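Reading through the structure tokens given below for one structure.
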Amino acid sequence: MKAGSGAQGSPPCFLRFPRPVRVVSGGEAELQCVVLGEPPPIVVWEKGGQPLAASERLSFPVDGAEHGLLLSGALPTDAGVYVCRARNAAGEAYAAAAVTVLEPPAPEPEPPAAEHPLPPPGAGEGAPVFLTGPGSQWVLRGAEVVLTCQVGGLPEPTLYWEKDGMALDEVWDSSHFALVPGCVEGGRGVSLALRILAARLPDSGVYVCHARNPHGHAQAGALLQVHQPPEIPPADPEEAPPPVVEPLKCTPKTFWVNEGKHAKFRCYVMGKPEPEIEWHCEGRPLQPDRRRLMYRDRDGGFVLKVLYCQAKDRGLYVCAARNSAGQTLSAVQLHVKEPRLRFTRPLQDVEGREHGIAVLECKVPNSRIPTAWFREDQRLLPCHKYEQIEEGTVRRLIIHRLKADDDGVYLCEMRGRVRSVANVTVKGPILKRLPRKLDVLEGENAVLLVETRESGIEGRWSRDGEDLPVTCQSNSGHMHALVLPGVTREDAGEITFNVGNSRTTTLLRVKCVKHSPPGPPMLAEMFKGHKNTVLLTWKPPEPAPETPFIYRLERQEVGSDDWAQCFSIEKAGAVEVPGDCVPAEGDYRFRVCTVSEHGRSPHVMFQGSAHLVPNARLVAGLEDVQVYAGEDAVFSLDLSTIIQGTWFLNGQELASNAPEGQVEPGALRYRVEQKGLQHRLILQSVKHQDSGALVGFSCPGVQDSAALTIQESPVHILSPQDRVSVTFTTSERVVLTCELSRVDFPASWYKDGQEVMESESLVVKVDGHKHRLILPEAKVRDSGDFECRTEGVSAFFSVTVRDPPVHILEPREHVFVHAITSECVMLTCEVDQEDAAVCWYKDGQEVEESDFLVLESDGPHRRLVLPAAQPPDGGEFQCVAGDERAYFTVTITDVSSWIVYPSGKVYVAAVRLERVVLTCELCRPWAEVRWTKDGEEVAESPSLLLQKEDTVRRLVLPAVQLEDSGEYLCEIDDESASFTVTVTEPPVRILSPRDEVTLIAVSLECVVLQCELSRVDAPVRWYKDGLEVEESEVLVLESDGPRRCLVLPAAQPEDGGEFVCDAGDDSAFFTVTVTAPPERILHPAARTLDLHFQAPGRVELRCEVAPAGSQVRWYKDGLEVEASDTLQLGAEGPARTLILPHAQPEDAGEYVCETHDEAVTFNVSLAESPVQFLAPETAPSPLCVAPGDPVVLSCELSRASAPVLWSHNGRPVQESEGLELQAEGPRRLLCIRAADPAHTGLYTCQCGAAPGAPSLSFTLQVAEPPVRVVAPEAAQLRVRSTPGGDLELVVHLSGPGSPVRWYKDGERLANQGRVQLEQAGARQVLRVRGAQSRDSGEYLCDAPHDSRIFLVSVEEPPPVKLTSELTPLTVHEGDDATFRCEVSPADADVTWLRNGVTVTPGPQLEITQNGSNRILTLRDCQLQDSGTVTARAGTVATSARLHVREAELLFLRRLQDMRVDEGQDVCLEAQTGRVGAAGAVRWVRGGEPLPQDARLSTAQDGHIHRLFIHGVMLADQGTYGCESHHDRTLARLSVRPKQLRALRSLEDVTIIEGGSATFQLELSQEGVAGEWARGGVRLQPGPKCHIHAEGHSHHLVLSGLGLADSGCVSFTTDSLRCAARLTVREAPVTIVRGPQDLEVTEGNTATFECELSQALADVTWEKDGCTLTPSPRLRLQALGTRRLLQLRRCCPSDAGTYSCTVGTICAGPARLVVREREVAILSKLRLVRAREGDGATFECTVSEAETTGSWQLGGRPLKSGGRVRIRQEGKKHMLLLSELRAEDAGEVCFQAGPAQSAAQLEVEALPLQMCRRPPREKTVLLGRRAVLEVTVSRSGGHVCWLREGIELCPGDKYELRSHGPTHSLVIHDVQPEDEGTYCCQAGQDSAHTRLLVEGE
């Protein structure tokens, strides 16, 4: 037996087990496994306990750690279990798999027709259907089991049974089971029963019944479980029960596992009959439960898996196997390693009822330790279902609404994967639920079991909400089973079992079995066909795939990397690929592969390439072009494929080999472009004389043309495009410029609609394109609207001329004048121009001179005089000069009495119980005043005092209360002074912490920030880095009385920062730093490595980091690298890799892998391999060429960049016009365009110039080619001649001038008599006049290098016969008609007749002869060519009828959609493929004939058909069509209404933030609908957006605008778009509320606060005029719009005036008063007596609540922590001492400032005792460490360790440890001499231990 993990040493370990194999007899079976071990193990395969040896049919392939068994030609005797045994010095391991050999299905014998007549097709035939499936059963061992199934189907199906996928005879002996066939009642089917005699435990499993007939296959399964019967006690009580297992005869293996991990034990047992397996732990039988799983894996092994191991799981585990032949055992000792950090209180198993709750609770050692909850391997997150509570160290999980699937194992996990485990049992109708998930291989059986509380109840099985078939379900008593035999991917899903309201669910996942892809095709060959085609052939793959497959053919253009699919076919053979299959002309390569449902085979290339050209069609043709003189004319057309073409201009071909050209010197220039399918011709800067030019385009299959028309260029304004508005001052020079598109074109200037005339004050100039209007010295009267007008277009200018502005010199600020009745008041204003006019205003109304108001002017001074001012004369006066104003506020007071102070409203802010004084100063001491509060007169009382002192009147509130807030008035006559009093609670103070707190934590640690306030109900706000925080799962805010806490349950590094607890008037500051664990590099251990690689090659650099999520950076030679195609960066788990797939020498260098904390350096060197010639291996054979032939010498190198030197006969080769040296990657080429004899010789290509460098030589020979016979092609030719006629034999040679000799029957012929020899160039003729019968024989024409033989027979011609006759033809008009007949003999004369008239060959008629075939071809057939065609040969003839059909009239150039303006003329044009007769086409609109309208006319010009519409109207819109009998083309005509213009365009608007913006637009037409948009987003009417249209005007008003609203505002209609810029400027920052005066006690915190109008603004704080900077006692803080200045621990030097400045605005000053603190002891300390181990409390009360005190014990300062707790509650200070010790006795002193108090602490000591003693005897292995440990009654107690009465001292041998009350003695490296008795003395108590040393 072996353990799943953690085994010590390096015994063999199977990483992959062999899988069971099922193979058809005669097939091939393969078993594979992967096994590792150190040293590498020896692997032996066994069957039936006997080792196997290699043979012809059996082999054992090995590939590294992968071992296999390959069985060929499987036989039924090869079936069985094969065992792979791996053994080395450290141990051995086993793995097994079953091989099943199936018999091939034999064809069913056909019954005699008389006995069993076959029913007609469709009469009840069909695939097998299960009428009754087998039912699952649960039986005891020894019982008889019968499984029955009934199946219907026609023909009658064949039935057979399997167990766990194996045939029954492979599993059992025939004596153990029986098969009983039968028939279904009524003859509707067959049945087959399986009877198992005396069931055994191994019989448990899944049984499947298969039914098969020619129409299909069906299967149904059932589960059989055999249980052990209950133990029966022995009849004799004295008889001892038999032992459960035999004692072990050898030491068991040891297996260690960490607590909380899984332990897996696997035992493989063989035997027959199949053995029964039992698992035991410490001698007790084990039963499966939630944490103990027992099952059998796919390899036949028996597995025990212990989940989430605990300390109680440790012990000896035994696998006991027995059968009738005997028994065997295998054991392993399980050790559970406990973690150092443990749960204080672990989880406990709980039970709960369904729909109730369950509570799991545990305790962790520290409240800050984070925990996580799991249900088995699934993490649980807090939700309504799973409520997770943390209270101090308590962790609680509450599971609500329990259901059956909540039953299981739950874990609470601390940091370090320390776990506490508990079982949750859910009591309900379902006792045993389904597993969470179930993984099954495709084709295996899936079994699901559910146990219910009640027996006999019906359950419901469903998958993904749909009920499952009843044949898959069965139940017996409490058990319910679902058996799915041979699962497929369709069976996967969520399986649910329902009983009433209870349900349990599992996820069934089906893993697909990997199949091998099909093999590649064989013998792929390419044959280049004729007429732009290529023939591809191949053979099917061997062996042929088992599943259906197809062939996929792909193509690739030479020079490209992309492959494209041509087509797919099902059968192999020959495929012809035409040129239309490729997108563009070029050379193409082809490849083919086999594709099936199991994948794709490797591609097979066809050798060579083929040149294919697609047939082009015209997609979009040329169109006539109209342009203006000087512009470019562009002609374009689109083709259906990429192909080269030729452009023509006026019939002259344009060169296309250059992108640009010129027709002739000084003539029109052009540019030719081709982009994909589009061809373009651009004629540059055309002129008037180019008008009427004809442009044509031609390519194979396409010809098209169009005309060029040049129009006169109209004039238009280049600038300005929009109206120009300018402003000038008087005497300035004004220049208005208008630039036209044409030079010296006339234009006129207008002012306010009237044409201007030139004068001295107005000059008009023309300079080329520019027209200028100049005003040398502008006057105010020159203001107006100017217009530069030319033909139909105008440029507009708005000119404003103003006088220079007047400026006010004095006063520059607001002047306040106070006077009394009848006093003279004079207001003076000084301007910078003496003649400047000013206006005076009073309270917004212009004043006029009178007896009571005089206006004076004295040079630059302007005065307003009130000779005898009266109270009504007071008010606000303004002196207005131009755009500037001076302000005066005049106050006239009656002499009677008035209020001198305050002059304005006074605001008083106070805290409760503070003294408030309101002061009012009068002009007369005797004046009486009246005080009111909120409109009611106040009465004097002890809480409100009224005081009078000279001219001062006071209202005093000695101890102000909250209800005293309100508005107070001091009234006298008609005047009053207002005081607004606001009373608030005293400010909230933070008692602790008083100083800034700095916290440092690590990731996932719990961080708590705590503040204690002076008031319980005071609210606080928490800020992080200046932003207010919000509560979430990762940040919790708590409030407990006066304490406020911010908790980070599991802090992360990004949670660090500055936190502020703001209590309004006081703040506490915390600096939190969360650090991540160090990022380390675990592998390689060395920090510098030298690595060597070959170039080119693959380089991989690898590091392993911890933690696994650490980020790394890679550097090369100091620069950080980035991922690319040549450099790949990878990260998988803890591994980090850098890969160079194709490293080159330049990639060598220093590579560094760097984490945040560590780095590793790789010094990479790359050595290049020497350059070699790759091919050929032998010297090339000599190359012989003819003069003029091209020659290419080629070789391939092992390195693409290697240089080479070419030489010819030892001399270096130089490039010239006829000789080129080329390099294509690793190939080197020498190309000779046209060889001549001088090129003959030895060519050598050498790698480099070094001696001995590799080289390759070529021998080239250039010689004249030999003369060959070109025609006839056949070497022998038969010639027949008639007696008396001339015999003529003709031979054509490959070249002229070569002599030939003629022979007859071996005798040479001479040119004499009837024999004539003629030579005309390469044509040689032998002519025999008056041929006779003796002239028959063999004639030979002998050339120097070739010859031809003619077998001549002179005889009477045989009778002429027609072996094949003519066939009637029907062709379309314009097509060719070919008539063909065959005559015998082949040289018989044939006469052709048409309609009885002999045919004469010509351009339209062509007569040809091919052997015995006679052919007549009629070109371009017309309708009149219809008739009878006759072929006459001698006395025989044959005739056939020719019928010519009218050709279809198709449209080559179709109608195009048009969009025109209203009132224009329109021409719709279409082109037909041929010239049709009049009326062959008709025009329609909307499918109807055109109406009778004088504006509509049609015309035909050859192939062109046109429709003219004059003066198009909106009603003419629609779809127009041109139709023939065979085709139709349609186009859409759209008419644009008359152009819409903007009479008044939008103007840019600039406003201040928060204001409103108005946009106005005026159009030339009324009732136009449009859309307003801002920033491209459509605006909708709303509270802040008002849209209004009236007549020609459109208005948009936007209100409440912010900075983000800046952007482009546009108005859009169908034909017009106007836009303007909206600019929203930021409102200036203002101070809403300034700082207030403060008075604090020394040592307290003072906080000044001001509030701004905006949150994003910087402020500056000053004290007594000096700028303040932050320090530990001084904090400057921004909280939203609030700005705080906080002074901590104020001292007298902090007193002074403070102010706040924003930009140029200053608020303040505010005064700070620091009162001296006086502290006194109100309640002194008292004497305390206590016993050792108890606690003591000291209390002291001081006079000040916010006083910091210090405590001392025996003169030593005390701090809170451990046994000391210091608390402060207001004025009370407390010291709490816990677990007192004797040495704690002494004087306790408390000091607060100068005040102090002291008292004595008396501690009564207790005797020291031992609570836990060491064992009396302890055995330790030799060389190990021994630890003796005791626990005493209290911490700090002294103990003494002795050995044999001698006291031990600390040293290398002995180590004395103390931790609280626990004391330990550690003895290192125990030796035999260390044996003896050790004693520990603690006070009067002692303990002894005997130490024994045992050798290993």
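Residue numbering: from 1, along the chain as shown.
Glycine too: its Cβ is placed from the backbone N, Cα and C atoms.
Cross-referencing 103-127, 228-252, 1853-1877 with TrEMBL places the feature region 'Disordered' at 103-127. By the Cβ criterion (under 8 Å, sequence separation of 6 or more), the domain 'Ig-like' (986-1075) is in contact with the domain 'Ig-like' (1628-1720), since 3+ such pairs are found. When averaged over the domain 'Ig-like' (12-100), pLDDT in the model lands at 86. Taken residue by residue, the domain 'Ig-like' (128-225) breaks down under DSSP into 13 helix, 60 strand, 25 coil.
The DSSP breakdown of the domain 'Ig-like' (902-982) into helical (H, G, I), extended (E, B) and coil residues amounts to 3 helix, 47 strand, 31 coil. For the domain 'Ig-like' (1628-1720), the DSSP counts in helix, strand and coil order read 3 helix, 50 strand, 40 coil.
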